[in-house]
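Peer 1: A single structure is presented below for examination.
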């Protein structure tokens with residue numbers, strides 16, 4: 001692993017000073033402090049072993065974050081089961097996490113291990129803005145996803161027609177613009193230690209107005225919106241479940257689950273797979289009588305044809321539905337007089353059967369889509385919950401410091417721990433998708449092991 005080399009590079013940079021010269025050189029300033037004296041030795045706060053250990057842990061976290069989120073992007077863009085327009089939100093969210101791992105975390109690690117900012121004044125402002133931007137974009141993405149879930153639950157048909165890839169992409173652009181507006185202030189008002197400080201530091205604006213406004217805009221307000229939206233989704237889902245259970249009624253005497261009004265078993269709405277109908281439930285009595293009349297005519301025509309051909313098959317068929325279908329196919333193929341007599345009725349039955357199969361297939365697809373939406377909503381609820389758990393300690397302690405300053409300030413090691421726990425969230429979303437979503441799990445396996453299978457075949 002490259003952690004010893006990284007630790008050595010950090011130690012060399014600390015000894016060399018910022019920007020490759022004296023430790024005191026910063027922006028337009030010189031290589032000494034205001035009094036003209038040298039800065040002295042770098043303020044190293046970790047031993048060489050601790051530097052190597054922390055670099056190894058954070059390096060693994062960075063690699064894991066990048067690889068996991070790249071897999072998410074590839075899975076959504078290549079898997080047929082994940083190609084729904086709303087999954088573009090996950091692509092954008094994964095992209096934000098990749099940018100956190102590549103553009104923010106390495107510099108945060110260097111700043112932590114070296115105990116001062118080595119990379120100059122301009123990059124300090126850019127780094128702070130990117131840090132706030134990517135964190136804010138993550139939670140604004142989750143907020144937009146929660147609204148998407150709410151509309152897909154409460155306005156399923158209308159909203160699904162409107163939710164095109166173009167609309168989703170426009171929403172994603174709006175999410176990034178909102179995040180940029182919230183994160184722009186660090187570019188123009190980042191905080192810098194006074195000249196009397198030992199080494200240059202890079203930190204966010206320390207004024208109370210900025211601390212509170214950034215915490216509210218970047219975390220607390222989106223969290224409130226997500227909480228209210230998901231509470232509403234839960235209420236709607238609970239009401240629908242109660243209504244469906246009342247319509248279905250109790251289970252049959254044999255303990256079997258009741259069949260829905262479209263002839264599909266209950267499993268179709270729960271696990272996303274269409275179960276074959278246990279019984280044929282007709283929409284109304286008149287259409288059922290009409291079908292029985294057609295089947296009777298078909299059987300009579302089939303018997304006449306069988307008598308003409310000398311067939312001695314059994315009169316007991318496998319069931320009215322199957323007998324009708326088989327009779328229709330046989331009659332349509334038969335050139336005999338019995339086939340001609342029953343051709344009109346066989347065509348009508350074949351038309352009815354094909355229409356019923358299409359209707360059943362349509363209902364099946366709708367049930368599968370609803371089950372997928374349900375699972376997707378649950379997975380995203382887990383993603384949002386984990387995000388809040390990871391970032392709440394940092395934002396709460398940071399806003400508390402903005403209100404009452406030193407009286408409420410946490411010990412510095414604990415505050416830094418909360419800070420890095422927030423960064424860890426960027427690596428958790430792929431794990432959540434793998435654990436809770438079968439489509440992602442299957443797609444990840446296909447991506448990771450496809451080449452290995454090809455190698456074995458060759």
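Here the Cβ of each residue, glycine as well, is placed from N, Cα and C on the backbone.
Sharing the features that Swiss-Prot gives for it:
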COMPBIAS  291-303  compositional bias 'Basic residues'
DISULFID  124-202  disulfide bond
CARBOHYD  19  N-linked glycosylation site
CARBOHYD  33  N-linked glycosylation site
REGION    245-343  region 'Disordered'
SITE      131  site 'Implicated in ligand binding'
SITE      214  site 'Implicated in catechol agonist binding and receptor activation'
SITE      218  site 'Implicated in catechol agonist binding and receptor activation'
TOPO_DOM  1-51  topological domain 'Extracellular'
TOPO_DOM  77-88  topological domain 'Cytoplasmic'
TOPO_DOM  115-124  topological domain 'Extracellular'
TOPO_DOM  148-168  topological domain 'Cytoplasmic'
TOPO_DOM  192-207  topological domain 'Extracellular'
TOPO_DOM  232-379  topological domain 'Cytoplasmic'
TOPO_DOM  404-416  topological domain 'Extracellular'
TOPO_DOM  438-458  topological domain 'Cytoplasmic'
TRANSMEM  52-76  transmembrane segment
TRANSMEM  89-114  transmembrane segment
TRANSMEM  125-147  transmembrane segment
TRANSMEM  169-191  transmembrane segment
TRANSMEM  208-231  transmembrane segment
TRANSMEM  380-403  transmembrane segment
TRANSMEM  417-437  transmembrane segment
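Describe each of these features in terms of where it is and what it packs against.
Peer 2: In the three-state DSSP reading, residue 124 (disulfide bond) counts as helix.
Cβ neighbour count for residue 131 (site 'Implicated in ligand binding') (all protein chains, 10 Å cutoff from its Cβ): 20. Under the three-state DSSP scheme, residue 131 (site 'Implicated in ligand binding') falls in the helix class.
Secondary structure at residue 214 (site 'Implicated in catechol agonist binding and receptor activation'), as computed by DSSP, is helix.
Counting only residues at least six positions away in the same chain, the Cβ atoms of 132, 135, 136, 139, 182, 183, 395 sit under 8 Å from the Cβ of residue 218 (site 'Implicated in catechol agonist binding and receptor activation').
If you average pLDDT over the topological domain 'Extracellular' (1-51) in this model, you get 50.
Beyond the topological domain 'Cytoplasmic' (77-88), the same-chain residues lying 6 or more positions past its ends with a Cβ under 8 Å from any Cβ of the stretch are 145, 148, 152, 163-165, 167-169, 172, 372, 376, 439-440, 442-443, 446-447.
For the topological domain 'Cytoplasmic' (148-168), the residues of the chain that approach it from at least six positions outside its boundaries are 85-86, 88-89, 229-230, 232-233, 236-237, 370, 373, 376-377, 380, judged by C-beta separation under 8 angstroms.
Away from its own ends, the topological domain 'Extracellular' (404-416) comes close to residues 112, 394, 397-398 of its chain (Cβ-Cβ under 8 Å, at least six residues beyond either end).
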Peer 1: Short question: most Cβ pairs under 8 Å with the transmembrane segment (125-147), which of 52-76, 208-231, 380-403, 417-437?
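Peer 2: By Cβ pairs under 8 Å, 208-231 leads among 52-76, 208-231, 380-403, 417-437.
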Peer 1: Using a Cβ cut-off of under 8 Å, list the residues of the same chain at least 6 residues beyond the transmembrane segment (380-403) that approach it.
Peer 2: 135, 138-139, 142, 145-146, 149, 208, 211-212, 215-216, 218-220, 223, 226, 230, 409-410, 414-415, 418-419, 421-422, 424-425, 428-429, 432, 436
Peer 1: Per DSSP, residue 202 (disulfide bond) is which: helix, strand or coil?
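Peer 2: Assignment for residue 202 (disulfide bond) reads coil.
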Peer 1: What does the structure give for the C-alpha distance between residue 131 (site 'Implicated in ligand binding') and residue 124 (disulfide bond)? Integer Å is fine.
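Peer 2: That comes out at 10 Å between the alpha carbons.
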Peer 1: Report, as a single number, how many Cβ atoms besides its own are within 10 Å of the Cβ of residue 124 (disulfide bond).
Peer 2: 24
